[in-house]
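The Mn(2+) 1 binding site annotation in Swiss-Prot covers ASP8, HIS10, ASP41, HIS197. Taken from Swiss-Prot, the feature Mn(2+) 2 binding site covers ASP41, ASN79, HIS114, HIS195, and the record attributes it to sequence analysis. Look at Swiss-Prot and you will find ASN79, ARG80, ASP122, SER160, ASN164, LYS167, HIS195 tagged as substrate binding site, backed by sequence analysis.
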Amino acid sequence: MATLFIADLHLCVEEPAITAGFLRFLAGEARNADALYILGDLFEAWIGDDDPNPLHRQMAAAIKAVSDSGVPCYFIHGNRDFLLGKRFARESDMTLLPEEKVLELYGRRVLIMHGDTLCTDDAGYQAFRAKVHNPWLQTLFLALPLFVRKRIAARMRANSKEANSSKSLAIMDVNQNAVVSAMEKHQVQWLIHGHTHRPAVHELIANQQPAFRVVLGAWHTEGSMVKVTADDVELIHFPF
C-alpha cells in the first residue's frame, strides 16, 4: 500500500482536461491508497464555500467517493484556495490540516506543507500573504456579495500575474535556510511540498543528517504525485 500526495492542480472551468485527469486519478490510483493528501491549490481560486460553481460540487462529490471507498482524504490550504472552509470539507469528507503537518509514514517522519511559506526571499508576496491571512479581513471579505468577491479575486489574480512577471525565478523559489529551519523545527529528514511548480527531489543536510525535499509538480499537461511506501518515496509524473 502507499500514501499519495498531490498539489497545484489549479482546477477551473477553463481547463477541462485537468479536471478530467483528476477525476480519472480519483477513480483509479487514489482508490488503492492508504490515504490521499492534497497540499494546496486544488483550485485556481476560492472565494467562499457558498460559491455555486458546479465544478466545486463535482469535485466535492468525487473526493467524497474516494473517502467513502475507505481512503481518508486530507487537505492543506494553498495560496489560491486558502479560503476553502469547513462546509466544502464536510461535503467532500476531507480533513483540513494546519499549514505544517508532520506524518509518521512507514517508519519515516515526513513534514508536509503547501510550500509558499518557504519562499521567504519574495518579501512582497510574504507581506501580501500576511494580510490576506488576517482572520478579520477574511471574515469581511466573505461577508461581501458573491459578485463583489469575484471581481476582487479577478483583480488580485491579475495583479499577482503582473507582479510575478517581473520577479526573478530565484526569488519565487524556496529559501534554503527556511527549508532547513522548518525541517529542524519539526525534527524531520523528509519534506514534501508544492507551490513552486518545480518538481524535483533535492538532497540537503538537516539535523546534521542527510535529508530530502520532494517538490510536487503542477498539473498542466500531465499529472504529478508523490507516492510513499515502506520501501520508497517516488516523485511520479503520469499522463491525464
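Even glycines carry a Cβ here, placed using N, Cα and C.
Feature map: Swiss-Prot annotations on the structure.
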{"residue": "ASP8", "record": "Mn(2+) 1 binding site", "Cβ contacts under 8 Å, 6 or more apart": "GLY40, ASP41, GLY78, GLY194, HIS195, HIS197, LEU216, GLY217, ALA218, TRP219, SER224"}
{"residue": "HIS10", "record": "Mn(2+) 1 binding site", "Cβ contacts under 8 Å, 6 or more apart": "ILE18, ASP41, PHE43, GLU44, ARG80, ALA218, TRP219"}
{"residue": "ASN79", "record": "Mn(2+) 2 binding site", "Cβ contacts under 8 Å, 6 or more apart": "GLY40, ASP41, HIS114, ASP116, ARG129, HIS195"}
{"residue": "ASP122", "record": "substrate binding site", "Cβ contacts under 8 Å, 6 or more apart": "LYS167, ILE171, MET172"}
{"residue": "ASN164", "record": "substrate binding site", "Cβ contacts under 8 Å, 6 or more apart": "MET172"}
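Fewest other C-beta atoms within 10 Å: among the binding-site residues HIS195, HIS197, that description fits HIS197. Neighbour count (other Cβ atoms within 10 Å of the Cβ, all protein chains): 25 for ARG80 (substrate binding site). Apart from ASP8, HIS10, ASP41, HIS197, the residues listed for Mn(2+) 1, the same chain places the Cβ atoms of ALA7, LEU9, GLY40, GLY78, ARG80, GLY194, HIS195, ALA218, TRP219 within 8 Å of the centroid of those Cβ atoms. Summary for the binding-site residues HIS114, LYS167: the Cβ-based neighbour count within 10 Å is maximal at HIS114. All protein chains considered, the CB of SER160 (substrate binding site) has 14 other CB atoms within 10 Å.
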